[in-house]
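Read the structure below first, then the notes.
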Amino acid sequence: MKLSEKDPEERKESGQDWSCSLVVASLVGAFGSSFLYGYSLSVVNAPTPYIKAFYNETWKRRHGHPIHSDTLTLLWSVTVSIFAIGGLVGTLMVKMIGKFLGRKNMLLVNNGFAISAALLMACSLVAGTFEMLIVGRFIMGIDGGVALSALPMYLNEISPKEIRGSLGQVTAIFICVGVFFGQLLGLPELLGKESTWPHLFGVIVVPALVQLVSLPFLPESPRYLLLEKHDEVAAVKAFQTFLGKADVSREMEAALAESRVQRNLRLASVLELLRAPFLRWQVITVVITMACYQLCGLNAIWFYTNSIFGKAGIPQDKIPYITLSTGGIETLAAIVSGLVIERWGRRPLLIGGFGLMAVFFGTLTVTLTLQDHAPWIPYLSIVCILAIIASFCSGPGGIPFILTGEFFQQAHRPAAFLIAGTVNWLSNFTVGLLFPFLQKSLDSYCFLVFATICIAGTMYFYFILPETKNRTHMEISQAFAKRNKAHLPEEKADSTSVQEKANGRSDPDPSCTLDGHSPNSIV
């Protein structure tokens, strides 16, 4: 490829950081991964009455009497929330298989879960076995757990830092697009009918197959190749492909600097990461960010949109079309966020997003409480729900995945994503399982719980979270250093090296680690 004569700043201004391979990798990776996660969140919403009827008929055929209403509610809650249990299992698998397979191959293997889950769920009605649908949801959760860890890692490691935030938002954008398509295909005119609802789950095969046939033509993460496989030649080729230029010396120099820091280091375990004093507040911030991401109430709206709109007094035949508007709003908000994140930064979008959600959840509580007082109030509830979704997707919907990749270097990143994923999926499971009972006991006041969580998250990010826009890992770590009250190993190594040179000593033995511990320790 012909080299550009422009300097890096000019290249940044002209948008040349977005090479064709980088765009294709992000689109294909997200279509077969985060798209399916978003689709799985919303696809159970439209066919809810038909699936419950299927459960009731199956139960009656087996036991000779209809299923009790409480049992049906519990069974349906398990069907929705077991997706999160599968997600947790998938997250726990990432660190174990990621070291051997790499980021790209992990995404490819993951398609096997999606295809098998789609077949199980699509055939459950024909087989007359609702357990197939539940097991399929569990396996689809495994796919989501692997995807939401492997994809952000892959995108973080293939992108230049100048567009790292925008590329990271591709994950969130495709989650929103997936939610929208789940709502669209669930319309009665398409697949949201009693005879065709199993096809809604069969559609999952399409994105999985597209990724399966496209991703093999793209390189593995260059940082994985260099830092974990120690294949410098392959890393150079991968950088050249993703950056669209022949001269990748600057990128290789930055990666090799990280490689020298981690020369005698192995991947950190979760326990070792939790014990590292110089990463304490990064871990706390990731845990709180992921908990707020799931517990802020957005998943409750995605899982139970029809139920919420029904409670708001919207006519039953209009609910699918109003639900569709939520998918359109969240997709638009996520795209706008991707366009402005490198200009405004992560911090303002997170604080503003959660703050606005708290305001609109409070307003929604008022409108649901007073919905019988005037015919226009239910429509104000719709506006509040759309505003909540737009606020979420403008920042909180994608930034947590970006921050997890930005806070940690290569040796700690898999363990960090495992922690983030565990919190993510446990919180997801909690919301999916408990929201129907929370709604039944608190009625419209249940949304005040979510408003409180959003306020707590806003306060934490305002006082604790540093801006990470266009910063290197070292700069981000230094921003946390004062709060951690621990020096970075890199800083100690640098100061030791300077001291030794001043004293005329030779370089330390290469078998020693940066902090003076034995080889193969953890940074």
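Placement of Cβ uses the backbone N, Cα and C atoms for every residue, glycine included.
Just so you know, TrEMBL annotations are computer predictions that nobody has curated.
Under the heading domain 'Major facilitator superfamily (MFS) profile', TrEMBL lists 26-469. Per TrEMBL, region 'Disordered' is recorded for 486-523. According to TrEMBL, the transmembrane segment annotation covers 20-39, 74-94, 106-128, 134-155, 167-185, 197-218, 283-304, 319-341, 348-370, 376-403, 415-438, 444-465.
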Ask   = How about the transmembrane segment (319-341) and the transmembrane segment (376-403): at least 3 CB pairs under 8 Å, pairs 6 or more apart in sequence, or not?
value = yes
Note = Comparing 20-39, 106-128, 348-370, 415-438 for Cβ pairs under 8 Å with the transmembrane segment (376-403), the winner is 348-370
Request  = With the transmembrane segment (167-185) as the reference, find which of 74-94, 106-128, 197-218, 415-438, 444-465 contributes the most Cβ pairs under 8 Å.
outcome  = 197-218
Close approaches to the transmembrane segment (106-128) from elsewhere in its chain (Cβ under 8 angstroms; 6 or more beyond its ends) = 29, 32-33, 36, 54, 58, 61, 90, 94, 97-98, 135-137, 139-140, 142-143, 146-147, 150-151, 154, 197-199, 201-205, 207-209, 211-212, 215-216
Task = Establish whether the number of Cβ pairs under 8 Å between the transmembrane segment (74-94) and the transmembrane segment (415-438) reaches at least three, counting only pairs separated by 6 or more residues.
result = yes
Query = Mean pLDDT over the domain 'Major facilitator superfamily (MFS) profile' (26-469): what is the value?
reply = 84
